[in-house]
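Take this structure, written in structure tokens, and hold onto it; I'll ask about it next.
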Amino acid sequence: MTTETTDNTENTVNIIKLTAAEIAAEIAAGELTAVQVTEAHLARIEAVDEKVHAFLHVDREGALAQARAVDEKVERGEKLGPLAGVPLALKDIFTTEGVPTTVGSKILEGWIPPYDATLVKKLKAADVVILGKTNMDEFAMGSSTENSAYGPTGNPWDLTRIPGGSGGGSSASLAAYEAPLAIGTDTGGSIRQPAAVTGTVGVKPTYGGVSRFGMVAFSSSLDQGGPCARTVLDAALLHEAIAGHDPLDSTSIDAPVPPVVEAARNGSVRGMRVGVVKQFRGEGYQAGVVQRFDESVELLKSLGAEVVELDCPTFDLALSAYYLIAPSECSSNLARFDAMRYGLRVGDDGTHSAEEVTALTREAGFGPEVKRRIMLGTYALSSGYYDAYYGSAQKVRTLITREFEAAFEKVDVIVSPTTPTTAFPIGERADDPMAMYLADLCTIPTNLAGNAAMSLPCGLAPEDGLPVGLQIIAPAMKDDRLYKVGAAVEAAFVEKWGHPLLEEAPSL
Amino acid sequence: MTATTTPELLSYEDALATYDPVMGLEVHVELGTKTKMFCGCSTELKQDANSQTCPTCLGLPGALPVVNETGVESAVKIGLALNCSIAEWCRFARKNYFYPDMPKNFQTSQYDEPIAFDGYLDVQLEDGEVFRVEIERAHMEEDTGKSTHVGGATGRIHGAQHSLLDYNRAGIPLIEIVTKPIVGAGERAPEVAKAYVAELREVIRALGVSEARMEQGQMRCDVNLSLMPKGSEKFGTRSETKNVNSLRSVERAARFEIQRHAAVLSSGGSIVQETRHFHEDEGTTTSGRVKEEAEDYRYFPEPDLVPVAPPREWVEQLRAGLPELPLAQRNRLIAEWGISAHDMQSIRNAGAIAPIVATIEAGADAASARKWWMGELARSANEQGVDLAALPITPVQVARVSELVAKGDLNDKLARQVIDGVLKGEGTPDEVVDKRGLKVVSDEGALSAAVDEAIAGNAGIVAKIQSGKVAAAGALVGAVMKATRGQADAARVKELILEKLGVSEG
């Protein structure tokens, strides 16, 4: 094999720049072994993660064991899946049997789940190599990964800036070439916003498209796991591997997975009607972001799409509705962290009652943002306030869903900036929750309606040289449209730029 | 802990002379499904602590519930049997509160969208009168785990040294059945409460959805009670007596609370809205938790479960497949068996309806099936302090005994010995007959010889008989029976004696 004769460092660099599709092809062809690929990525993590801090836990032994199993399959001539041997960074919100799962919180420090999430089972069945668990805002509450109880993650484009959140670890691992694939979860934008600010691709599938069993709940009716990658095709391959009906998740959709890989291989917007929503611009939008977005719309036109202006006034209410629904559900979902069965236990010294142990543990174990949302949600669900808060928010949600349905009568997909600004400096919004919440202005309506959406790079903002994300939104269970449009846009941009956007990131 | 001073009571008669009781009964029934309500764990509880658990019923992070279809089916059947409307679409809701034996710190229940609502149950009182109890709703929910508080005086969490938690029960399906306020029962209110729970238990058993054994906690009753001055229509403040776990206790708890409320009210006091604990031994209640304000459970629709929408055709299939319900069955049997309502009530109170029906189905005639179950077997059950159904004899075996009597192979005395043998574990009726050698002597030759012997040995009695005192033949019959160890047909023996002595019965 050629790799054996190549210089090791150079070899590592070559391997880590490969896409998932390329890695899988090389392993299947015997050009690379899964162990080589895994070792290259583990070496990369070793080299750069001290700076990036994308990972909370690296499962070196587990990853190498999985890789060896793939290589044995190759030796035995077994047929491999399309992602066999490809390394992946897993958001630390999915339970992994025997591997710590913290959800970025102190309250679960030291907890070793006794079971694998359905998504993890699917990844293992697909012979994807799980490198470790990535950093995140505690319980996925945040837009910067600064709310992690284990310290922030740096944006590989500029380590003093946030990598987005809550899935900042997953996106940063991709941008830092620590992994070619990652898994995120998206409750209000936690896949798409990190993808946008790190110059990577992230997809929030249709709600119910990917099983939530084993995904630690933040807001059950909004949470959705999904794929993160550096290319649209890689995201599609991963999407296909993790999607599908799960009898253990009542809310999972019992229907065939949309043909996402086929769509990603046949990118085109010709003849498609693309909606541009009036509400997704204006005050708070960075000039460079708007500029790149407008260029993207022009690009879509030039590729043969018809652009339609849309007015969706209820979208302006989305943020408010979201910050009632998500905290309400979280106040209930997080009640189970009471020190009785697992995780942190504070005050268990024989002098405190069970109630006090629960209170002391929650006081010590939850960070300020989590506490803020538990309190908001507890209040919003209280009798006498329910109708005014939770009840009204659910009505807004219904209106937003209807507005999307009406919009999708007129257009095939909707496009917008993914996030109003590029990556902001770590610490800048830490004390201003409202400013932080605005990062999800464009992504939240999709979660409320349960639609599918993607973010992919559309250039660098001229004023700061940081990546800007283009969001594509499709109707529920039409996830394939994201990939059809995304692949076309990606190809056109790469042709225009001469290389993938991430090539312009400074080396770490 | 709360002081347990015995409250003042007003005499029952005085209480009822001034006040009208209003009751509300909430009954929880554990369904007899194989698996729990939201996961695949077994509902079998005879296992080590925490052996019947999984990520879902332990509430582990990430785990999700899936609705047990059989649980829904049972709920619909109960709703139909209680003459309820069945929701076309309903959701589960989360009832949020913290308690260590509740794994998620919310109970998955139903709130304003119960699966069944607006029904009624006709319940029969001791004297046969039928009282209609209106049903507000029946809804599905899950049970909690079980806490054992060690080291405290009361067995409650306060004052305990430590607590043990067993989550085997967590997630067992429950149906909660709530009545509308029961008004107009007057002095019979406690009896109505008992009769309601009894009728409901029989309905649940007839549906086959639960064994509803109150002593095992499969059926638990909360008795809500308030008084209002006679003639008033405004309900008073209620007390909620929790976990009253036998029919007798339901009646006693209601009665006690009527007397207690009346004493408080008639002395110018006011009733505190609170939960109360019932004490089986004394038949009293004591204060539990005071509800200063309505508890805020922060109910909201359970986002992890999709709505339950029972298809109408399915509901109609279930309706068509409902068994005959207990009250209708009793009325039918009264007619079929030609017995009085009072006799039926005795049979019902003895728990003998099902065994008798099964014995008849196994071939026995109704009269003898009743005779054995209400006689010999009821006595035996009573002596042992067990339910009739718990006796180690099957209706098929009772039917066989009855058949042997009908054929003349056994007389009643021998039959009782056969039953005794079966209850003592000596085998089937036929095996007991063989082992104990119990058989009516039907061999005329042997019987004739025994009669001859008795006539020869009792000249004095023979003379009496021949002089017209036919009744004296009883002594000779006794002698023959003794000689044949009871295995002769006494009637035939008497016939033979009179025949041989040339005396007619007159």
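Yeah, the Cβs are placed from backbone N, Cα and C, and that goes for glycine too.
Below are the features listed in TrEMBL for this protein:
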type	residues	note
DOMAIN	A:37-482	domain 'Amidase'
ACT_SITE	A:Lys91	active site, charge relay system
ACT_SITE	A:Ser166	active site, charge relay system
ACT_SITE	A:Ser190	active site, acyl-ester intermediate
Of A:Ser166, A:Ser190, which of the active-site residues has the most Cβ neighbours inside 10 Å?
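It comes out as A:Ser190.
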Reported as an integer number of Å, what is the Cα distance between A:Ser166 (active site, charge relay system) and A:Lys91 (active site, charge relay system)?
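A Cα-Cα distance of 9 Å.
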So what's the mean pLDDT when you look at the domain 'Amidase' (A:37-482)?
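Residues in the domain 'Amidase' (A:37-482) carry a mean pLDDT of 97 in this prediction.
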To see if you understand the setup: which same-chain residues, six or more apart in sequence, place their Cβ under 8 Å from that of A:Lys91 (active site, charge relay system)?
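Result: A:Lys133, A:Thr134, A:Met136, A:Gly167, A:Gly169, A:Ser170, A:Ala182, A:Ile183, A:Gly184, A:Thr185, A:Gly225.
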